[in-house]
Amino acid sequence: MPVNKHTVAKDPHFSCFVHRTCFQKIYGSSSLDLLRFVLLFSPGATTFAEFLLGATPRDIWYEGGFRVFCVYLETFLKSSEHYFMLGLPVSYYVFTDTPEKVPNIELGPQRRLKVIKVEKYTRWQDISMMRMKIISDTIESDIRHRCTHVFCFDVDQVFTWRFGPEALGDSVALLHSYYYRLPKKLFTYDHNPKSKAYMETGDFYYHAAVFGGTWKSVKALTDACYKGIMEDKENNVEALWHDESHLNKYFWLHKPSRILSPEYCWDTRIGYRRDIKVFRLIWAPKHYDTLRTS
């Protein structure tokens, strides 16, 4: 059901609310989705990779990110080919410091993959935060000239059900699966007044694993988050949950037009919930002891 002035997106078969305009934007003009993610191919080796899906008119573009084994990338892409924006042309742009280690993936018709080398970061926290600048720079140099929409995903996830244009909107945020039923006093906002991500309270707790919207909205979000991150660095401060803390601060000040149900990014360890009828995207098993070097 609608939440205040926001719309919670769910599948049409499960009482969803879908705006006609989102279909008009997808099928009537060019659009794109951005995919960013971080890869770890062997213990001790840190890689950053960024995916941009979509490069031609009427394409979808999305982004995914985290330091992960290359198997995460392969699983993410293969599952995306089965469930993400089916029937639409999609182009994957991979940004990585080790392009030679990107696995070959068999893509469907009208889908392609391009690998671009980028700078390497050593700390996973910096990888997570610096993606904001890379997304913004890519939108400015490429995406805004030919696309309308951007979606960003962490790559250590697996698509398990249709993830279609019902999820599109001007500004799209995702309810965190661990917090959407909890009282606000338990939300893990950054409560350090010295941080630009500082919040006393908010509407909801959003998950940075999935966010999107028009390229203008996503660029505004990533620019603001990056600005806050860099100001924190100058003051020797780091937000509690890094870029996710800054993202929650941004959505508190600039309300999203569409809020996705946790079914769009679910952790199966939570177990059964009566209000979650289908899992569209699920968390892959985490290996933080191996992946995180600092």
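Cβ coordinates are placed from backbone N, Cα and C, and glycine is handled just like the others.
The feature UDP-N-acetyl-alpha-D-galactosamine binding site is assigned by TrEMBL to Asp154, Val155, Asp156. Per TrEMBL, Mn(2+) binding site is recorded for Asp154, Asp156. Annotation comment: TrEMBL describes Glu244 as active site, nucleophile.
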**Fill in**
Rounding to whole Å, the Cα atoms of Asp154 (UDP-N-acetyl-alpha-D-galactosamine binding site) and Glu244 (active site, nucleophile) are apart by 12
**Integer Cα-Cα distance in angstrom, Val155 (UDP-N-acetyl-alpha-D-galactosamine binding site) to Glu244 (active site, nucleophile)** = 15
**Request:** Under 8 Å Cβ to Cβ from Glu244 (active site, nucleophile), same chain, six or more residues apart: give me those in sequence order, or none if nothing qualifies.
**Result:** Tyr206, His207, Ala208
